[in-house]
Every structure is written in structure tokens, then in C-alpha cells.
Amino acid sequence: MEEAANKTLTPTFYTREQHTLRPEQFDRKALKIANQLIDAGFEAYLVGGCLRDLLIEHQPKDIDIATNARPEEIAGLFRNCRLIGRRFRLAHIHFGRDIIEVATFRAAADDQVKTDTEGRVIEDNHYGNMEDDVIRRDFTINSLYYEPRKEILIDYLGAVKDIQNQTIRLIGNPETRYIEDPVRMLRAARFSAKLGMQIEAETEAAIAKCKDGLKAVPAARLFDEAQKLFMSGYGVKSFESLRRLNLFGALFPDVDRILNHPNKAFAKYAENIIKIALSNTDKRIAEDKPVTIAFLFAAFLWPVYQLQYQGLLSERDNWHSAMHEAVDLVHIAAAERVSIPVRLRGMIREIWTLQARFDLTGNNQKKTRSLLSHPRFRAAYDFLLIREEAGEALKASVRWWSRMQTSPETAFSSEQISSSNKRSSHCRRPRRKKSNSF
């Protein structure tokens with residue numbers, strides 16, 4: 001960023017005839033806000049990812065606006081405006097459940113930005129002009145500005161060329177930018193997965209040097225980033241991108257260790273269950289079906305839970321207490337990196353503990369009907385399916401529980417879960433042998 005800040009930037013202006021963006025492609029509410037700011041004497045531009053997405057013929061999820069109006073001035077123009085943020089002061093303009101984000105141009109001068117001893121930005125409410133603002137953005141592909149009234153596209157940093165070349169490039173010195181905000185490394189991985197673009201060589205090389213900076217990022221913020229990575233319809237590609245860049249361990253270190261486990265079969269099983277869960281979620285998102293990240297986290301952490309559970313079970317006879325203690329230990333460890341909300345932790349616990357009930361219910365009709373009516377039955381059943389698909393020997397259990405949902409009267413009278421399977425490996429005490437743990 002220092003290099004960009006120390007030289008005068010010369011923008012390229014693309015007229016309506018030179019680009020493919022049209023006002024009708026944008027949310028009317030965003031255009032109304034921009035025009036109202038312009039009418040009030042301010043500059044206003046549609047910025048960032050929405051322009052990038054439209055230029056590559058993707059449907060943008062959010063539309064952001066940049067302006068030289070201060071947050072308080074924006075709030076004075078819009079009654080439905082709320083100011084948020086301490087680190088970066090932003091204006092959110094509400095239209096029912098829809099929110100349009102409006103940000104004031106930020107200053108470029110480094111001495112105006114508060115950082116901690118490691119160089120991370122902790123407060124940045126100093127304002128500037130468009131030229132200042134553009135070099136504060138993260139990647140060149142997100143640095144375009146569009147003036148909706150004149151229909152002019154403004155490019156300071158070669159963004160159009162990088163979009164055409166499918167290149168993700170940090171603005172400024174990559175190491176400095178990653179130190180300022182380590183989450184940019186996760187964003188690089190996410191954009192590469194989402195857009196199918198290659199990360200520019202220097203931008204990628206700096207990740208290996210800076211990835212430990214993610215350890216200092218608040219766990220709540222990493223949870224938000226995990227949602228963006230895995231709940232936007234390209235979860236499998238995001239997982240593969242994170243693994244390639246050695247960043248998955250920044251979110252789930254215990255899972256990452258299992259993925260590199262010396263027991264190759266166990267490592268492959270862990271990878272399978274994660275990819276199957278992500279693939280199913282991607283498919284449901286594409287079909288506009290409901291999804292929850294709790295199910296994904298249940299899949300991610302399941303191999304860790306299995307090791308914890310088997311370790312505890314080798315020391316005691318009470319499988320039930322071992323099961324719940326293992327759940328607690330996994331959640332405590334995971335929370336050090338990704339802060340999973342209490343409600344979601346409860347869902348994960350239910351999905352996992354219901355796996356044991358699948359094994360133990362057998363042909364007890366009362367217990368079976370109780371389990372079928374459980375509010376997490378469907379999620380737990382789907383989880384049983386991916387366990388079997390990932391390689392666990394659960395065909396008999398899957399067949400029986402599938403039949404129970406379609407023709408329960410025949411399920412009880414026909415082939416049932418064998419007595420040897422009623423108390424499965426999930427519940428019985430393991431024989432004492434060399435542990436599979438790491």
C-alpha cells in the first residue's frame with residue numbers, strides 16, 4: 001500500500017459505450033440512495049464486489065456505496081439509516097430486511113490509522129477522497145467505482161485488466177496488507193474459489209509468511225468468515241482453496257491435524273465426510289433449500305469427536321458420559337479459533353448424540369417413534385447417510401432407518417438392525433490397543 005500511496009494515481013474512465021454495466025442491473029434502492037446523495041451535493045459511487053460480479057456476469061449479493069459524505073451527514077439524509085462499527089464507521093440504510101451499506105471515503109495516510117504493536121489496524125475513522133479510498137481497498141478486482149448518473153466506470157489500479165485476466169492481486173505490499181488485516185488471506189482463498197480466479201504470485205507467496213497472524217483474529221470474526229466461505233454455494237471449492245494455501249488449520253487446527261494424520265485411511269475418511277457435507281450443502285443452496293452451518297461444523301468436527309470419545313471410553317465403562325464429555329471437549333477446543341454460537345453448538349450436540357440412538361433403538365417401536373419425532377431427526381439421519389457414504393459400515397442401519405420413514409409397518413416385521421449392530425462401535429468400549437489419536 002505504501003507504494004501506491006507514494007505515487008499519483010491516474011484513473012482510467014470508461015464511458016457507457018466502453019463497459020457493459022447498466023443502471024437497470026443495480027438494485028433500485030441503491031440507485032435511489034446514490035442519486036439522493038448526489039442531489040445533496042455529495043459524490044456517490046457504486047463500488048467493489050458488485051461491479052466485479054456484474055462484469056463477469058455473476059449476480060451480486062450485496063451492493064455497496066462510497067461517498068465523500070461523513071457518516072453523520074448520511075444519517076441526516078436518510079431516516080432509515082443506522083450508524084454501526086467502531087473500527088470502521090459505516091452507514092446502514094434499511095429497507096425492511098434489506099440493507100444498503102454506505103461508506104465514507106477513507107484517508108490513505110498511514111499515520112492517521114491506529115494500529116496495534118503487530119501492525120493490525122484497530123481504528124480507521126479518518127476520511128479522505130476517492131484516490132485515498134481506492135488504495136485502502138484490499139484487492140484490485142474490488143477497486144472499481146461506478147457513477148450511476150453519468151454511467152462512468154472509474155479504474156485507478158488496473159482492475160478491469162485483472163478481472164479480464166482472472167487475477168486476484170492485493171493492492172500494495174502483500175505482507176503489509178496481510179499484517180494490517182489477516183482476514184484478507186481468507187478472502188483471497190474465498191474469491192479464488194468463488195470466482196475461479198488465480199491468486200497473483202506475490203499475493204499468494206506472502207500468505208505462507210503471514211498466516212500465523214490469523215491466530216490473533218477474534219474467534220467471532222472467524223466464524224463470520226467461515227459462514228462466507230462455506231455457506232455461499234461454493235463450499236467444496238473454498239475447502240480445497242484453503243487446503244491448498246494451508247489456511248484451513250487457521251480455522252480448524254484439530255481437524256487439519258486429522259487431515260494430515262499418519263493413518264491415511266482415517267485422514268481420507270475425514271476428508272470424505274467434509275467434502276460430502278459441503279457438496280450436499282452447495283447443492284441445497286443451488287436449489288434454494290434451507291441450510292445450516294451447524295450441520296457442516298458437525299461434519300468437520302466429527303472425526304475429532306470420534307477420537308475424543310474413543311479415548312474417554314477406553315478409560316471408563318459409561319459410554320453416555322464419555323459421549324457428552326467428548327462433545328464438550330471438542331466445542332471448547334474449537335472455540336479457541338471459531339466462536340460457534342451456543343444455539344449451533346446445541347444442534348451439533350444433538351446431531352452427534354442421535355447417532356448413538358440410531359444404533360441403540362433397534363426394534364423397540366416406542367423408542368423408534370420417539371426418535372422419528374425428534375426435531376433434529378432429519379439432520380441426524382442425513383448425517384448418518386454421509387457417514388455411510390464416507391466409508392463407515394452403516395448400510396444395514398441406513399437401510400432400516402430409510403425404510404422406517406417410508407413404511408414403518410414393514411420395517412418392524414422385516415429385516416432389522418442385527419443384534420450385533422445394536423450396540424455399535426459408537427457405544428461399546430474399545431479393545432485396548434494402540435490409539436488412533438494424534
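Cβ atoms are placed via backbone N, Cα and C, with glycine included.
Remember, it's a predicted structure, so these values are computed and weren't measured experimentally.
Annotation comment: TrEMBL describes 44-169 as domain 'Poly A polymerase head'.
The active site annotation in TrEMBL covers Asp62 (among others). For Asp62 (active site), the same-chain residues lying six or more positions away in sequence with a CB closer than 8 A to its CB are Gly49, Cys50, Glu101.
The secondary structure of Asp64 (active site), as reduced to three states from DSSP, is extended strand. Taken from TrEMBL, the feature active site applies to Asp64 (among others).
Neighbour count (other Cβ atoms within 10 Å of the Cβ, all protein chains): 23 for Asp138 (active site). Here TrEMBL flags Asp138 (among others) as active site.
Here TrEMBL flags 196-257 as domain 'tRNA nucleotidyltransferase/poly(A) polymerase RNA and SrmB- binding'.
In this model, the domain 'Polymerase A arginine-rich C-terminal' (318-433) carries an average pLDDT of 81. The annotation domain 'Polymerase A arginine-rich C-terminal' is assigned in TrEMBL to 318-433.
The region 'Disordered' annotation in TrEMBL covers 408-438.
The annotation compositional bias 'Polar residues' is assigned in TrEMBL to 408-422.
The annotation compositional bias 'Basic residues' is assigned in TrEMBL to 423-438.
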Asp138 (active site) versus Asp64 (active site) - Cα distance in angstrom:
15
